[in-house]
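Student: Sharing a structure, written as structure tokens. Questions coming.
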Amino acid sequence: MNETKTFDGAEFDNSKIMSILLPIFDATSLTTFILTIFLILAIQTQTPKSMKGFKTFLLPYSCYTLALEILLGSYCPAVLHPFVYLYPAGLAKSFPPKISAAILALAFYSAISTIDCCIAMTLERYFAMKNMNEKPSKMPSIVFGILTTINLISIILLLIVTQIRPLSDSFIIPYESIGFHISPWISNLEKYMNINLLIIFSDADKNKLPAILYILVFLASLRVSAAFIFLFLNVKTSKNLKQKISTKLQKHNEMLLRMTYIQLGGFVILIGIPLLGILYVCIFIKEPNFIPTLGFIVMNFFGLYDTLATAICIKPYRIFFIKIFKNRFKHKMGTGIHTQIL
């Protein structure tokens, strides 16, 4: 950004746009929350024995999706572009700054953990097909355990950093210093938002993104690449086994592979592309722009997409959902008829 240019706080007032988008964001979060609860119930009660190994990773995957939806739904990340300053536009804006920062940290943790579950699921399918007549491989559980341990250690350290001073002051501008920090660039911003809730990384000035964003993108890219590599191996192994396994088992493998395709494809479309768009705008566009915030709102649709994709692709879960909605519809119809008779 140009160090000599200053902005008025009114240029960052997105209240009119957010008044339209926030209800959509909230409705999406609530719908996803309800459907994911039903999906977790379906996974727990309707998963066939043939999917026992896959369930080991699908269940935490759905739990992390639920956690991500709750956390992002309450935070609703917004960006004070052209500065890489994050702030909550959702319910978290009424929380103290430290709690708000912890919610955002946990949201990133949940997002990375969902990718780890995808890696474990693709690994489980690969070894299940490769070692068709042998005992289930422990490799998927080992890899998942290592990734989960790394994530847990990382989030614990991150939460410690965000909650304990002076550690947090080394990475994030203290909330009581934010007004002084932004005064050379932005004036009157406090009229339009609570500036104490801004998350400003200490290295985010002088026309560069904070290092932590590069680290997060790098780690996520590595994990997604690993998931796609194992998915490719799954497809190759499945084709080689077509003549050796029954039609029923072929359909079972195709069902699980189809779900994994759709999950990873949705991640690329609804997470990867918006994230790249956010990075592009933050790096190359130097005037106030709503696109980064819009990108985060688009990402919120991934949870809904993913939950529906899982429920539709896996036949036992699809039947479970159909029964629930059929029974609900019959109950409503029965109640209506009973009311008319009375």
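Any Cβ shown, glycine's included, is placed from N, Cα and C.
Since we're looking at a predicted model, the values are computed, not measured.
Straight from TrEMBL, here's the annotation block:
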TRANSMEM  20-43  transmembrane segment
TRANSMEM  64-87  transmembrane segment
TRANSMEM  99-121  transmembrane segment
TRANSMEM  142-161  transmembrane segment
TRANSMEM  211-235  transmembrane segment
TRANSMEM  256-281  transmembrane segment
TRANSMEM  293-314  transmembrane segment
Student: Do any residues of this chain, six or more beyond the ends of the transmembrane segment (20-43), have a C-beta under 8 angstroms from a C-beta of it, and if so which?
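Tutor: Cβ under 8 Å, 6 or more out: 55, 58-59, 62-63, 65-66, 69-70, 72-73, 76, 89-90, 294, 297, 300-301, 303-304, 307-308, 310-311, 316-317, 320-321, 324.
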Student: With a Cβ cut-off under 8 Å, give me the same-chain residues at least six positions beyond the ends of the transmembrane segment (99-121) that come close to it.
Tutor: 54, 56-58, 60-61, 64-65, 67-68, 71-72, 74-75, 77, 86, 88, 92-93, 140-141, 143-144, 147-148, 151, 154-155, 158-159, 162-163, 172, 197, 199, 216, 219-220, 223-224, 226-227, 230, 256, 260, 263-264, 267, 271
Student: So if I exclude everything within five residues of the ends of the transmembrane segment (64-87), which remaining residues of that chain have a CB under 8 angstroms from its CBs? That is, six or more out.
Tutor: 1, 12, 14, 18, 22, 25-26, 29-30, 32-33, 36-37, 40, 93, 100, 103-104, 106-107, 110-111, 113-114, 117, 182, 185-186, 193, 197-201, 204, 209-210, 213, 278, 281-282, 285-293, 296-297, 299-300, 303, 306-307
